[in-house]
Amino acid sequence: MELVRIVRKSLLCIVCLFIAMICISLYQINYNQDSKVYKYYKEIIADYNNIKNDNVAFTAEKLTKTYEQYKEEDSEYIEEAAGLIKEKEKYIESYNADNQSKNYNRILQSTLFGNDNSFYILNANKQIKDKENRPSVDVEMVNTTAVEKLVTNRTMPLLYIIIFTVIIIYFTEETDNGVLVLVRTSRRGRVLLPIVRCGIIIIYNIVLSFLYNGILYAIYARVYGISGGAYIQNSKLFNMFPYAISINQFFVLYCLVYALAMFTIGLFIYFVINLISNYKVAVTLVIVIFLCEYLLYNKIQYNSQFNALKYINIINILFSGTSYLVYENWGTNGFIADISTTTFVMTAVIFLISLVGNIVVYSSKHTIRKKNIIDIMLDKIHILIQKLMYKMSLLLMEIYKTLVIQKGILFIIVLVYVLMTFKIQRGVDYTNTNYMVNKFYKEFDGRAPDEDVEAYITDLRDELEEAKQDEAAMLYKKEELLKEQRNIDVMQTAVDYVNEINDNRSASAVIVNPANYNDILGERMYSSNESVNFISIIIVILLFAGDYAFERQNKMTAHIRSSKGRVRLWNNKMLKVFIITTLLWLISTIINVHNISDRYVYNQLTQSIWCLQMFKDFPVNISILAYIIWCSVYRLIWMLVVAFTAYIISYRFSYKVSLMVSFVMLIPHVIYILGVNWAQKLSIVVGMDINRLFNTYGYNVKSIILLIVVFVIMLVIACATYRKNIK
């Protein structure tokens with residue numbers, strides 16, 4: 001019965017967990033441009049033997065010249081993929097040559113590393129002994145990326161344990177609902193119930209571990225590729241794994257270890273909640289414990305005298321992929337251990353203490369107890385808040401309800417955290433042809449074409465012609481001279497373009513270096529903008545999809561519909577949605593501009609947009625800054641439309657249904673990310689980037705048709721809801 005109750009209660013949490021996991025994983029893949037890099041990585045591995053037989057170097061230049069499937073415009077991604085292949089080659093060569101054992105034998109023979117009790121000597125002896133016990137397998141060029149990404153991802157375990165903490169809180173409902181006395185006095189309720197709940201935590205985590213990691217592994221396998229039948233030792237991360245098993249078998253083992261780690265932490269959290277009897281204080285204490293442990297884990301170096309605080313640490317249980325199954329020794333002079341054994345022992349200790357502690361503490365609870373100092377302080381804080389709320393206006397009350405009572409402030413913090421960790425990756429030029437052009441723009445950026453500009457280009461052209469007359473130069477530097485010619489042509493084209501704009505459009509155009517704007521307003525920033533828009537829309541939906549559900553949950557629906565101030569309440573709610581959404585837009589915009597500014601310089605912002613050749617067909621003469629602001633405001637309009645839609649949906653459905661219906665708006669984008677290109681046209685995430693739509697469809701109604709359609713749908717739903725519930 002308890003299991004059925006928890007399953008029903010936690011169903012929405014589990015759905016949200018899987019949606020968040022899929023969204024975050026796709027966000028991380030897009031953010032790192034992994035899909036493009038590993039597309040070529042998989043191709044190189046598949047053609048590895050042929051490439052080696054053809055004696056082709058693993059560089060973008062050589063691969064694009066030799067094989068048709070390697071596109072020159074993707075040189076940056078090919079170069080990165082080739083670098084990964086080279087690292088893989090070094091590992092295979094080192095593994096097969098047993099270089100690791102040779103290095104540790106040198107350490108043992110040297111006198112530089114101290115006596116026999118030195119950690120370095122102990123580590124070398126242990127490494128050699130463990131290496132002898134390692135199974136002998138053939139390591140070859142196979143793809144192991146998916147499993148490596150799975151076990152090293154630290155965001156997913158954190159997300160998992162946050163959602164599972166919410167599920168554990170459902171165990172405390174007898175206190176909130178006032179039936180604790182009834183539960184405690186029921187037959188076998190005092191002892192059996194905590195045992196059943198601990199069992200539920202264990203069963204839940206085993207099932208969820210396979211589902212959660214299975215979906216994540218499938219996504220990674222599709223994007224990164226995997227050779228599931230190959231030995232796990234083909235991965236450098238698991239070169240010392242003690243068993244000769246396949247990658248797919250290793251995945252099953254990882255899911256079991258993951259379940260062990262998570263139900264141990266789950267039991268620990270439930271133990272703290274039972275110990276303190278107030279889940280809010282208990283969860284706060286757990287967060288503080290984990291933060292302190294994380295600081296120790298992150299700040300203490302492996303060779304520190306206090307490294308025991310790093311390795312005997314609950315964070316190693318949370319990040320199970322890099323502790324239970326990865327080989328790493330730690331210790332000090334006179335003592336050595338490995339992280340795997342340490343983590344398993346620590347897990348067993350925490351598991352036993354938490355399991356026994358839950359049963360003992362829950363069994364010894366009193367149904368009626370005297371308030372402690374924490375309860376008294378919480379009551380006083382609650383009274384103070386109620387007094388402040390009494391003096392608030394209706395609008396402030398609504399904002400307070402969304403941000404504080406419904407925990408909306410947590411979603412905003414998540415948005416800030418995610419966007420702050422987001423870093424823009426600047427493109428690298430592998431052609432080596434831009435030095436002369438950049439020098440030209442550095443000297444004449446912001447100037448109108450004049451005699452000095454013409455003289456500069458003429459001098460360069462004359463120098464080039466003189467060099468061409470030199471037979472030796474033509475023989476040995478022909479390629480360099482051709483590059484110089486192309487650079488001069490680029491400069492001349494830029495000057496001719498500005499002159500044409502000034503003559504034909506009566507604009508005061510100047511020379512503007514387009515290099516930064518080709519990235520900022522070009523294809524390179526598409527995936528970045530997608531990621532920012534995606535997380536922003538998710539937060540907006542989470543904030544407002546359940547807004548009216550709060551009133552429904554508190555049985556206020558009939559009272560609101562029959563009250564005189566229902567129109568005023570509707571207006572205040574709509575104004576609240578506008579204010580909070582605008583705040584979210586402002587936060588995300590400021591952080592995004594800051595991230596871009598770390599990599600690029602916004603030059604000549606006050607000049608006409610027509611100064612940039614990529615906007616030569618733009619219908620209105622506005623400044624570059626005005627265009628960037630317009631693109632940002634268009635994004636705000638989209639966020640408001642989505643926010644109002646999610647809010648209006650909450651009037652018609654329960655919280656769970658409202659959330660699911662609102663997330664339907666994101667389905668086209670998820671389909672697009674999975675490789676179905678036609679879904680891009682229906683993606684509101686892509687549609688928020690008006691600059692991208694202009695580049696794709698031109699400056700016409702096609703670029704804004706999706707916004708018009710969604711806006712009309714929102715108006716229809718709003719009018720129908722207003723007539724039914726408000727008017």
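Using N, Cα and C of the backbone, Cβ positions are placed for all residues, glycine too.
Features reported for this protein in TrEMBL:
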TRANSMEM  155-171  transmembrane segment
TRANSMEM  191-212  transmembrane segment
TRANSMEM  250-273  transmembrane segment
TRANSMEM  279-296  transmembrane segment
TRANSMEM  308-327  transmembrane segment
TRANSMEM  339-361  transmembrane segment
TRANSMEM  399-420  transmembrane segment
COILED    450-484  coiled coil
TRANSMEM  531-550  transmembrane segment
TRANSMEM  574-593  transmembrane segment
TRANSMEM  624-650  transmembrane segment
TRANSMEM  657-679  transmembrane segment
TRANSMEM  699-722  transmembrane segment
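Within the chain carrying the transmembrane segment (308-327), a Cβ under 8 angstroms from the stretch's Cβ atoms is held by residues 130, 150-154, 157-158, 161, 237-241, 250, 253-254, 257-258, 260-262, 264-265, 268, 289-290, 293-294, 296-297, 300-302, 337-340, 342-344, 346-347, 350, all 6 or more beyond its ends.
Contact between the transmembrane segment (624-650) and the transmembrane segment (279-296) does not hold: fewer than three of their C-beta pairs are under 8 Å, each pair 6 or more apart in sequence. Sequence-distant contacts of the transmembrane segment (339-361), counting only residues of its own chain at least 6 positions beyond either end whose CB sits under 8 Å from a CB of the stretch, comprise 191, 194-195, 197-198, 260-261, 263-264, 267-268, 270-271, 274-275, 311-312, 314, 316-317, 320, 323-330.
Outside the transmembrane segment (279-296), and at least 6 residues removed from its termini, the chain residues within Cβ reach (under 8 Å) are 165, 169, 172, 268-269, 272-273, 309-310, 313-315, 318, 374, 378.
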